[in-house]
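Here is what Swiss-Prot says about this protein:
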- 1-124: topological domain 'Cytoplasmic' (TOPO_DOM)
- 1-54: region 'Disordered' (REGION)
- LYS11: ubiquitin cross-link (CROSSLNK)
- 34-54: compositional bias 'Polar residues' (COMPBIAS)
- 87-116: region 'Disordered' (REGION)
- 170-197: topological domain 'Cytoplasmic' (TOPO_DOM)
- 219-231: topological domain 'Extracellular' (TOPO_DOM)
- 253-260: topological domain 'Cytoplasmic' (TOPO_DOM)
- 282-313: topological domain 'Extracellular' (TOPO_DOM)
- 335-352: topological domain 'Cytoplasmic' (TOPO_DOM)
- 374-392: topological domain 'Extracellular' (TOPO_DOM)
- 414-452: topological domain 'Cytoplasmic' (TOPO_DOM)
- 474-477: topological domain 'Extracellular' (TOPO_DOM)
- 499-531: topological domain 'Cytoplasmic' (TOPO_DOM)
- 553-557: topological domain 'Extracellular' (TOPO_DOM)
- 579-633: topological domain 'Cytoplasmic' (TOPO_DOM)
- CYS633: S-palmitoyl cysteine (LIPID)
Amino acid sequence: MSSSKSPYELKDLKNSSTEIHATEQDNEIEYFETGSNDRPSSQPHLGYEQHNTSAVRRFFDSFKRADQGPQDEVEATQMNDLTSAISPSSRRAQELEKNESSDNIGANTGHKSDSLKKTIQPRHVLMIALGTGIGTGLLVGNGTALVHAGPAGLLIGYAIMGSILYCIIQACGEMALVYSNLTGGYNAYPSFLVDDGFGFAVAWVYCLQWLCVCPLELVTASMTIKYWTTSVNPDVFVIIFYVLVITINIFGARGYAEAEFFFNCCKILMMTGFFILGIIIDVGGAGNDGFIGGKYWHDPGAFNGKHAIDRFKGVVATLVTAAFAFGGSEFIAITTAEQSNPRKAIPGAAKQMIYRILFLFLATIILLGFLVPYNSDQLLGSTGGGTKASPYVIAVASHGVRVVPHFINAVILLSVLSMANSSFYSSARLFLTLSEQGYAPKVFSYIDRAGRPLIAMGVSALFAVIAFCAASPKEEQVFTWLLAISGLSQLFTWTAICLSHLRFRRAMKVQGRSLGELGFKSQTGVWGSAYACIMMILILIAQFWVAIAPIGEGKLDAQAFFENYLAMPILIALYVGYKVWHKDWKLFIRADKIDLDSHRQIFDEELIKQEDEEYRERLRNGPYWKRVVAFWC
């Protein structure tokens, strides 16, 4: 449809006459330069000038810096003015979209990296919350934990850590929504809620954790392949997986989210299938061993260790493995800057975490204890000469079930790649956060036009080269070191999240602020955060004891200490170094001095109540199945 109305005559930046037409069909603005030889006869330009740039050129241009220059800002401002001149309601529509959408009710008083693209949808967030973390720790590392603790010790360790995790995710969900405009999420909370030095140390240790996880997962992937073949050099597979992870992340947040959606769907389906098959095998419905029941809880036993002290050490050692296995659950906070609707996505993901803890972790761990004896020589960490494999594969293969173990191993491989993908994505965003906080060189804050922190991604890719040790005879030792750094660092990070939440709530109370300003309130509140914080401090103390006096040994072992507790000296060195450099010796920021406005999204309590009431009304008037889904999800 052509525009027959008389055009408005305005001047553009080039001082040339510009015609602007308002079409009736779609109310879009069409404009082009008058007198230009490039003016099309049938289709107007949607912009000052539309270049027929090739796909290759657009791809390379996407790596250029996303920051707007002064001229670009002027042009963008004038474009908005031109839009308002034609349709005065369009500016109002933009304001409504920006300020009154369901995920942005209230005042945006913070700062974020606007160049990061909001391409992560609620469905992505749900699957990231449910499936991320189902990787090396749960699917492979549990073999070592089962050897050290036995089936009962393994279950106790995961149950304790699961109760802690639920409190952590509730606190994390509350602050992630309030600080949804803060790039890096909880990695930045301690700096302005607790103390700068503490925030600096935790931020760098957490970044180091995910830098270690990527090569750890790639090494694990090569170990998983050994179930099928040992004749091919493991580094060949490392190269393939390394290139795959980098390729996925080249597509930015959308590539990461879509890949995780696929990976996590496969993982959850596999865990569901294993749960069903495991029950069938245990009662004698499949396999060659008939009814198994709880036989392995009696022979070789529920706990590993002749003495009570060794059994206790086994449970403590399991806690670190469990922390690593649960690691990544907090990714819902890292991705808030790239979520399209965090107010809907984050509370739902935090609520559904209980299903992940109970079903994906505790239920399957109970089955592992029923199906795999802790003295199996195929478990990682055992002294036997058997080919090492995931305990989930052993649980099926050792009882004579064929074919299925290959499918399980294939999904485990996907799970490991999923964690490698998540760790690569996270470490790059964490470098970006460190740079924006002034904790790392500014070069890491480079974001290209596609929303990728390009320089930070390069550092993550460089660090992942450690994975090429897979062909080394010290492969399992490298695995142990990387796992220890990652697991203990996770405890530091979770402690920082809970401590930040306690300080945040304390500041809200001291400064007389209403909790109605929060878009989502933790179901466990300050008591849940206090419980989690105290428990993690006790776990760190117990782990220190296990590190200097390993299981089964009465003497001190320096090598074992650094293998299990290396992250602690790093944290202390970073904290003390920051304090000495800045000559700042305060332990906490006073509650009345905490800045509760900067970075924070202040929600309108009345609008939130109105929106929630409208949602409940829709549920009451809707079909019954929607009410059921809303209750559980």
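Positions of Cβ are set from backbone N, Cα and C atoms, glycine also.
Under DSSP, residues within the topological domain 'Extracellular' (219-231) fall into helix, strand and coil as 7 helix, 0 strand, 6 coil. Helix first, then strand, then coil: DSSP counts for the topological domain 'Cytoplasmic' (499-531) stand at 22 helix, 0 strand, 11 coil. Averaged across the topological domain 'Cytoplasmic' (579-633), pLDDT in this predicted model comes to 83. When Cβ-Cβ distances below 8 Å are used as the criterion, the topological domain 'Cytoplasmic' (499-531) is approached by residues 105-106, 164, 166-168, 170-175, 177-178, 186, 189-190, 193-194, 343, 346-347, 350-351, 588-589, 591-592, 594, 596, 601-603, 605, 608 of the same chain, each at least six residues removed from its ends.
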